[in-house]
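K.L.:
Found this in TrEMBL, in case it helps:
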type     : residues : note
ACT_SITE : 43       : active site, proton acceptor
ACT_SITE : 270      : active site, proton acceptor
BINDING  : 141, 319 : substrate binding site
DOMAIN   : 249-383  : domain 'Alanine racemase C-terminal'
MOD_RES  : 43       : N6-(pyridoxal phosphate)lysine
Ligand SMILES: *Cc1c(COP(=O)(O)O)cnc(C)c1O
């Protein structure tokens with residue numbers, strides 16, 4: 001753990017393992033059949049890992065395209081020097097057209113109002129607006145309904161200001177690729193694409209597989225896969241873990257900013273939800289709170305790692321700080337901490353590990369949300 005890279009101004013940070021990110025990206029590249037492309041999903045600041053930094057590493061490892069959730073995220077990539085094609089995974093407001101065209105960011109398209117307005121602006125600006133057409137095949141979130149694709153294309157294809165660079169759909173149940181729901185989405189998508197091609201409509205790059213579909217069903221790659229969570233070393237579901245080992249990219253670390261030995265019966269933190277028992281307890285403060293992605297609902301429920309061992313978080317988690325306790329018991333004598341000692345909130349310390357999955361289980365959510373949360377405010381360190 002090179003301390004020279006730690007942020008100078010705060011004893012808490014997110015550590016990004018660039019080697020792990022590279023190896024995970026390579027693993028997804030290796031899943032691809034010949035000539036097929038990898039679109040790396042870097043929305044929400046690369047699931048909290050830092051979009052520009054990650055995109056550069058992914059590009060160097062063979063990423064062909066990047067996908068984001070908002071136009072601003074696309075602009076951020078362009079301003080960070082990313083030259084690859086960028087796709088926004090939904091249809092932005094019409095007012096975003098100038099920015100899209102100026103930065104050459106492709107929108108997803110599924111309303112003719114948007115498509116035609118986008119084309120008009122492109123003609124006025126003397127360029128052609130590329131887009132990807134989203135197809136609704138069952139998730140009921142976005143896209144042109146699979147039954148309406150030909151009609152949609154007839155409505156917009158006359159326009160010389162737009163060009164279809166790709167067509168895609170998104171799976172709701174890719175963690176169960178043998179299931180009826182997934183198979184139905186596959187069929188609807190395949191048939192909609194075939195119908196458009198038969199009718200002479202350009203489809204460009206055809207894509208549908210997210211991380212779980214990419215790992216569990218190699219038959220739906222079409223021209224490109226869209227991988228997100230797996231690139232960051234997190235498994236999208238239980239089934240995928242044995243298929244392809246991935247290396248977690250993010251760790252969350254902090255240093256002890258202060259220690260105290262309160263007397264038995266004294267409380268800790270807002271509301272005194274922890275009181276010191278009849279034991280020697282050293283309460284250590286670390287500068288990570290709920291505004292950093294450590295949810296307050298985990299107060300008194302989560303562990304952190306200290307010198308390769310688990311210790312309990314105590315008292316209510318505050319906005320910017322929380323407390324952990326080193327408690328001496330007859331069964332376990334522990335060295336006490338000093339200001340500056342390392343605490344691991346997610347990641348490895350010696351033989352001990354706290355995974356994103358553990359934290360997700362504890363929170364009643366998925367690893368995606370845990371990673372995004374830690375990306376909100378903590379400074380990122382690339383090792
Ligand atoms: C987020 C997203 C992805 C990536 O999903 P992962 O499960 O992280 O691989 C792919 N496609 C669309 C449309 C998405 O919204």
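Glycine is no exception: its Cβ is also placed from the backbone N, Cα and C atoms.
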K.L.:
Around residue 43 (active site, proton acceptor), which residues of its chain at least 6 apart sit with Cβ under 8 Å of its Cβ?
P.N.:
67, 68, 69, 70, 73, 89, 228
K.L.:
Please report how many Å separate the Cα atom of residue 141 (substrate binding site) from that of residue 270 (active site, proton acceptor), as a whole number.
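P.N.:
Spelling it out, the Cα of residue 141 (substrate binding site) and the Cα of residue 270 (active site, proton acceptor) are 41 Å apart.
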K.L.:
Mind tallying the domain 'Alanine racemase C-terminal' (249-383) by DSSP state, helix then strand then coil?
P.N.:
25 helix, 50 strand, 60 coil
K.L.:
I'm trying to understand the geometry here, so how far is the Cα atom of residue 319 (substrate binding site) from the Cα atom of residue 270 (active site, proton acceptor), in Å to the nearest whole number?
P.N.:
11
K.L.:
Tell me whether residue 43 (active site, proton acceptor) sits in a helix, a strand or coil according to DSSP.
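P.N.:
In the DSSP reduction, residue 43 (active site, proton acceptor) maps to helix.
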K.L.:
If you average per-residue pLDDT over the domain 'Alanine racemase C-terminal' (249-383), what number do you get?
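P.N.:
Value for the domain 'Alanine racemase C-terminal' (249-383), mean pLDDT as a whole number: 97.
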K.L.:
Counting every protein chain present, what is the number of Cβ atoms, excluding its own, within 10 Å of the Cβ of residue 270 (active site, proton acceptor)?
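P.N.:
I get 13 for this one.
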K.L.:
Across all the protein chains here, work out how many other Cβ atoms are within 10 Å of the Cβ of residue 319 (substrate binding site).
P.N.:
12
K.L.:
What is the number of other Cβ atoms found within 10 Å of the Cβ of residue 141 (substrate binding site)?
P.N.:
10
